[in-house]
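Quick look at what Swiss-Prot lists:
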SIGNAL    1-25  signal peptide
TOPO_DOM  26-850  topological domain 'Extracellular'
DOMAIN    31-118  domain 'Ig-like C2-type 1'
DISULFID  CYS52-CYS101  disulfide bond
DISULFID  CYS145-CYS195  disulfide bond
DISULFID  CYS247-CYS294  disulfide bond
DISULFID  CYS339-CYS386  disulfide bond
DOMAIN    603-698  domain 'Fibronectin type-III 2'
DOMAIN    707-807  domain 'Fibronectin type-III 3'
TOPO_DOM  872-1110  topological domain 'Cytoplasmic'
Amino acid sequence: MTTCRRERPILTLLWILMATAGCLADLNEVPQVTVQPMSTVQKLGGTVILGCVVEPPWMNVTWRFNGKELNGSDDALGVFITRGTLVIAALNNHTVGRYQCVARMPAGAVASVPATVTLANLQDFKLDVQHVIEVDEGNTAVIACHLPESHPKAQVRYSVKQEWLEASRDNYLIMPSGNLQIVNASQEDEGMYKCAAYNPVTQEVKTSGSGDRLRVRRSTAEAARIIYPLEAQTVIVTKGQSLILECVASGIPPPRVTWAKDGSSIAAYNKTRFLLSNLLIDTTSEEDSGTYRCMASNGVGDPGAAVILYNVQVFEPPEVTVELSQLVIPWGQSAKLTCEVRGNPPPSVLWLRNAVPLTSSQRLRLSRRALRVVSVGPEDEGVYQCMAENAVGSAHAVVQLRTARPDTTLRPGRDTKPIAATPPMPPSRPSRPDQMLREQPGLVKPPTSSVQPTSLKCPGEEQVAPAEAPIILSSPRTSKTDSYELVWRPRHEGSSRTPILYYVVKHRKVTNSSDDWTISGIPANQHRLTLTRLDPGSLYEVEMAAYNCAGEGQTAMVTFRTGRRPKPEIVASKEQQIQRDDPGASLQSSSQPDHGRLSPPEAPDRPTISTASETSVYVTWIPRGNGGFPIQSFRVEYKKLKKVGDWILATSAIPPSRLSVEITGLEKGISYKFRVRALNMLGESEPSAPSRPYVVSGYSGRVYERPVAGPYITFTDAVNETTIMLKWMYIPASNNNTPIHGFYIYYRPTDSDNDSDYKKDMVEGDRYWHSISHLQPETSYDIKMQCFNEGGESEFSNVMICETKARKFSGQPGRPPPLTLAPPQPPPLETMERPVGTGAMVARASDLPYLIVGVVLGSIVLIIVTFIPFCLWRAWSKQKHTTDLGFPRSALLSSSCQYTMVPLEGLPGHQANGQPYLGGVSGRACVSRVHGSRGCPAATVGCPGRKPQQHCPGELAQQREDTNSQLRQPIVSNGYDLQNQQVARGPQCASGVGAFLYTLPDDSTHQLLQPQDCCHLQKQPVTTCQTAVRRTSESPGLESSWDPPYHSGPRCCLGLVPVEEVDSSDSCQVGGGDWSSQHPSGTYTGQERGMRFSPSPSVHVSFETPPPTI
């Protein structure tokens, strides 16, 4: 019993000693986060739980929210912390952001990768009009649904025949993209289709405002055409996910669809299979990136006409490893940590020491993906973290740095070994890299150069500043497909500064981040390097620095693209390749774009920063996809690293042709990061990855020198017979951001070998297009360019050859051909080959108002020109009608029959053959003689040139025979029905004097006037008092019409209507008095010779006759 009691204290002491030893061992252990918090999307008011597991487990765990420490639970914020668990009771706008857990122990601290908490939401559908979709019967129809913005991604539903379809069924196939494919469409599938978006977190459902109407048509034969997609597509997929490339074709007979990848048949790839005509790729990997071609053919038309291309990019989450050059660093020496990062797109990198972000300083030098600590001291001990993040995930790796006194020997323990990197953490959605301070991607290995000196001590141990960045002279483009000539020079050549010992040049392919940097050491006296074994049509980045006795100097950077190698099946022209690189120079399709399939631009590549002046820098970037609409502008934002705050707008409204801008007004000694956004008419892109930190060091004395690299002509186009339009691009970084004043454009006929034949146009400012006019028709021209400033001109650009259009003749001799513009032609697909130097006219949105105004004005002028002849005709018709009313058919009267009526006043009665003449009681009167020509009487009305003969009463006795033939009394019908007219016979003349009344026929007689070929005069005695009176009941306004007796026989050519003769015995009884009251009064409207008849008020003329003699 006593022995047992003595053994218990001993066992307890041993246990305490073992626990203490374990704790002491754990004190030197590197902390790790074994379970990272996961990004979450939650609805407003929902509960969010974030977990964090650390090793060793007894470590203290704290949390950060948007970079700020959370001191335990915050009731006001609604955040509760229990060791490794953070709970948000009710999510709101104030608790949305980025969270990190931090594990602390005496050896140091480590932070987890950030977890993003996002508020779920579902936006409304954009307003759209109804679309009519036509498809041939038996083919596949595609109904596209343009889902609104949603977090997380919305699920699509379709209204089909009054029923909502949530999953594929029957011949209805819902694709991952949200499109509805109707297989083997028939007449029964016609109708209206609408789609709806469903958010699985908020459980909201929103329906599109307009639907699409499907029409199924029947055709006899139609060539194959691809109805979806309508243009080349760029698809981004995360590694390990499945991918479906849609390709739907239509035609009669139904076409056959084939696929190819990078010019080779898709049959060689085992991971692909077909879903109808769509291509399905299981478990994508990096090797699945490339260009896929879908081709449809049915034997009708051109077999290669229906082609569409997909550009597939496989994104990979980051993979990080960190290395320490020396495990234990004596005080006063330098330590170098290298972080190797892989991922696509290239991840951004952030360095931390004991969970605190690091910035560049005199002792801490952040260069690419390396961290160098100069003159290590005890304060530099701790846990160093390399954290990488891109759009599809994040990862980090840690290493512990230990220091020792110079005279102390310390064996490295297990804690000095690098810690394996954590697996990549995929975000719940593409993360926002701008919300975390990071360093730009770069993989740095110690330079391995044969010219590297053995000692970097400066003579006299004087303090020397690092070498300045060299000036890169090479153009960012090369026509070579597998090599690139890199040319540079020292910034201050021949100066008394510390001499450069050697250069280190690194290059790597941007689109393939898994490749390591290729590093080359170049002697100080060599300023040229040829980079070989490059891939055609690929984007590369180059970083180089000069080394002097102070170590590595400032870095100069350039990005270039190699030339494309033509392929027999898939060929992309240089112009269209440039268009993909420079969305600002993109061609617009002549067809109306489908706005539903368009989107804001893609985020540009990470910008590079170079020194401009003491307080300014140049920010340079490379754009990506434009989302279907040309990029309208860029904007640059910056952020100070040592201050907490949001990103600040530095400048905006940067033209799409400019890929570099100077940012001024920076503070000395402050570290900045920059990012770029692209904007088109549909909105702005996501921000680019932030640049690496830039410290304003106060460099001054910059000299603006002559530009070396010239612009690059992207395409040319013949507008008409005498004009050629060209566009170009210019990257200031190719001339080390040297400012320029403008451009010189040189052109000459291609068949000329004399350089003096070049003509020069000058373009000033930031304009990147020009029209060369006054050229010769159907002539080929060589075109090249230079940029210039006060220092001189640059080297010549590439030479483009373009031929003007031929002059078109109308085919009529002696008439010059009309000036016509060539009709605009739709540009081909981006990836189809076209000879360099040709292109379609660039359609600009600013031309639309002028086009509308021109159409409206043209229509107005056309209407006016059309109505002027009509109005003139109407006026002429009215004038002619008015003239006819005054004298009907006067122009039709024959010249062979003319007459003149002159009133006889006071003519005494005379007789011929026992019949009295017309006469009067007093006065003198002259009567016009009726002239006859070959049996046809003449009238002065028809031929006013002939003067009538006048006779006085004394002469009438000798003209009895003529008078008898003239005083015949026909009655003019004047267009009225003669059968319905009553002949009024005058009573016996009481006074022996009768009145004879006469009036011309009105315009109704036009219908009865007919020309006659011959007229005959007949001598016939008439009674002087014979008259005819007509009354018409239908026309009460017309009281009477009287016609003097001219001649008898058939109607003459003078155009008078038939007359009616009345016997003398029945016509009138003569007396000594006047006419009875039953006589209607007649009117006579007439004018003198040479005047026209008009419908003026009637002039009453009376003829008195003596009583007849018995």
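Backbone N, Cα and C define each Cβ position, glycine as well.
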Cα-nearest neighbour of CYS294 (disulfide bond) within the listed disulfide-bonded residues, CYS52, CYS101, CYS145, CYS195, CYS339: CYS145
Close in space, distant in sequence - CYS145 (disulfide bond), Cβ under 8 Å, 6 or more apart: VAL156, TYR158, GLY178, ASN179, LEU180, CYS195, ALA197, SER208
Three-state secondary structure, CYS247 (disulfide bond) (per DSSP): coil
Euclidean distance between Cα atoms of CYS52 (disulfide bond) and CYS386 (disulfide bond), Å: 19
Pairwise Cα distance for CYS247 (disulfide bond)/CYS101 (disulfide bond) [Å, integer]: 46
Disulfide-bonded residues: CYS52, CYS101, CYS247, CYS339, CYS386 - member with fewest neighbouring CB atoms within 10 Å: CYS52
Inter-residue Cα distance where the pair is CYS339 (disulfide bond) and CYS101 (disulfide bond), in Å: 22
Per DSSP, three-state class assigned to CYS52 (disulfide bond): coil
Assigned element (helix, strand, coil) containing CYS294 (disulfide bond), judged by DSSP: strand
The domain 'Fibronectin type-III 3' (707-807), counted residue by residue under DSSP: helix, strand, coil: 7 helix, 47 strand, 47 coil
CYS195 (disulfide bond): tally of other CB atoms within 10 A of its CB: 24
Secondary structure composition of the domain 'Ig-like C2-type 1' (31-118) [DSSP: H/G/I, E/B, coil]: 0 helix, 49 strand, 39 coil
